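Right, one structure below, let's go through it.
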Amino acid sequence: PPGYAAFIAGDSSLPSAVPFSASTADAADSNSTHWSPAHSSALYRIDGWGAPYFSVNNAGNITVRPYGTDTLAHQEIDLLKIVKKVSDPKSVGGLGLQLPLIVRVPDVLKNRLESLQSAFESAIQAQGYESHYQGVYPVKCNQDRFVVQDIVKFGAPFRFGLEAGSKPELLLAMSCLCKGNPEALLVCNGFKDAEYIFLALLARKLALNTVIVLEEEEEVDLVIEISKKLSVRPVIGVRAKLRTKHSGHFGSTSGEKGKFGLTTIQVLRVVKKLQDSGMLDCLQLLHFHIGSQIPSTALLQAGVVEAAQIYSELVRLGADMKVIDIGGGLGIDYDGSKSGNSDLSVSYGLQEYASAVVNAVRFVCDRKSIKHPIICSESGRAIVSHHSILIFEAMSATAPTTPAMNQVDLPFILEGLSEDARVDCWNLSQAAMRHETETCFVYADQLKQRCVEQFKEGTLGIEQLAAVDGLCDLVSKVVDASEPARTYHINLSIFTSIPDFWSIGQIFPIVPIHRLDERPEVRGILSDLTCDSDGKIDKFIGGETSLPLHGLEGNGGGSSGGANGRYYLGMFLGGAYQESLGGVHNLFGGPSVVSVSQSDGPYSFAVTRAAPGPSCGDVLRVMQHEPELMFETLKHRAEEFCGQDHGNEGTHAALVSTIARSFHNMPYLVVASPCSL
């Protein structure tokens, strides 16, 4: 083609970038205006998913508002100050804990409980409902001892109880409720054997307000038999399979083919067995569960109306019904979109949820002229998600590899290329001059593939292959005018700390906790420490495949924001399920954990509880290894191979001490100078 000979001779150069149009220039002028924390708040949607518990202060740091909308300005807790207090050495007044870190804020937990209770009380009063709300917390959401104990303590004034789904969870709930309100419900869900039912009946004997919810028809036979042996009059509930189905990811447990519950035929058979045993009066609770993250109140009301109809029929059949347990499903807004068509969001708030439930139950009961039941819910995700923040550090980032225009050595690139590859190179240049973006990508990909094949055959050197990669990257940047996303390496295991992202694609808000008064100049994905290709986060709220981030120190970074050159990110709304589901892939254990309460001191907070994360020895024990024996083996080996040189006894002792210390340290990386070892 015309000009091809000159191109092959290296006389042609790549086109320059497209000149700015007037509108582009205006946008550039707009982008050059002062960046403020308000800009970051809007960029990361913090007011959408974080209100009323998270905001950005004037210093550009994320703060926790422990009392929600009632939090005063001086009561806000700066997350960066918590990180500094926790991670600073003990010699300077810190706690000396290593990141990653879970920050728990019990004040937020208390506010969530009170807000849920207040929403139902308001709905009950407004609609003239003639009973009360009495919730339970499903401990499977977060079984941490202090979380469960706090919920029992904070919920005692309004009879808030617990729900268990296994024998260890039942033992946990029994123990905690011994210090709770005696009227608090202990709801026993899940599949049961004789031992489970024995423990539940024993709990009733211990004056705990226990309800055994039948998940399978056969369980009623065990309850009848064991209760008679123990001379305990049980309180029984049934879990019904509703026709109302939640179509989202979390709705797989709903509908007629759901995993849990009894069909109408099975419910009637249970009623008959209890009647024949003279125990129909023991049937007092109806339970159902549409699924987690119910997206809209329309779906919620449809399910509650169906369940309330079943409840009224059980009353008609002679059961001494008192409680309708609507299960879980109260969702939270992970992406701030307030959408009813997404697994990441819900289109309602606490008050709309409570009003919809109360209205549906009241409507059916009034139509059937039956007494209004106690309303119970198992809202775990909505209670614990906000109070826990995972904080981790970005250790490094991949540097941009695109060469400058004057660094492209075209004659060197063309030297050694096959004729087909040279034609691709020519076509790529021509498409770039015409600014045909899609065509450029096609020829660039084709050129790369040909060069890789030549490299495999040994006819192209690695220097030329790298030069071709640089050329293609440069053309891509010229025609697309966008910087490719960088990879930020984070000191974290996604499999351990954010397992729902890896397993079901659950997306959580992730935001830098500082430097939000600076414009984030790059976009990045997050790559964890594990030796696993799935150990990365490349999906973010808003449908984004990369996250706006700031440059790191020494890599185009700006100011450190008071973080000593470190760059900290926070994952929010992860207080439910993540800790209990996390594994030990690559033997990375859980994070350090601190509890923080609002205080009137100079920093607005006090650390009330602190625990380091599992050590290398701890995670080795999980896999049946014995760290003490392992250390002795390595110590003897060191004596055999490193302790023979006379005069080096001190070096040998230091070596053994370092091995011992490694068993006691967390598996995560430590940023320190090499000489500090």
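Keep in mind that glycine also has a Cβ here, set from the backbone N, Cα and C atoms.
According to TrEMBL, the feature active site, proton donor maps to C531. The domain 'Orn/DAP/Arg decarboxylase 2 N-terminal' feature in TrEMBL is assigned to 128-385. Annotated N6-(pyridoxal phosphate)lysine per TrEMBL: K140, in sequence order.
The residue listed as 'active site, proton donor' sits 29 Å from K140 (N6-(pyridoxal phosphate)lysine), taking the C-alpha atoms as the reference points. Within the same chain, the residues at least 6 positions away from K140 (N6-(pyridoxal phosphate)lysine) whose Cβ sits under 8 Å from its Cβ are G165, S166, E169, G380, Y577, S580, listed in sequence order.
Of all the Cβ atoms in the protein chains shown, 8 others lie within 10 Å of the Cβ of C531 (active site, proton donor). Here the domain 'Orn/DAP/Arg decarboxylase 2 N-terminal' (128-385) has a mean pLDDT of 94 out of 100.
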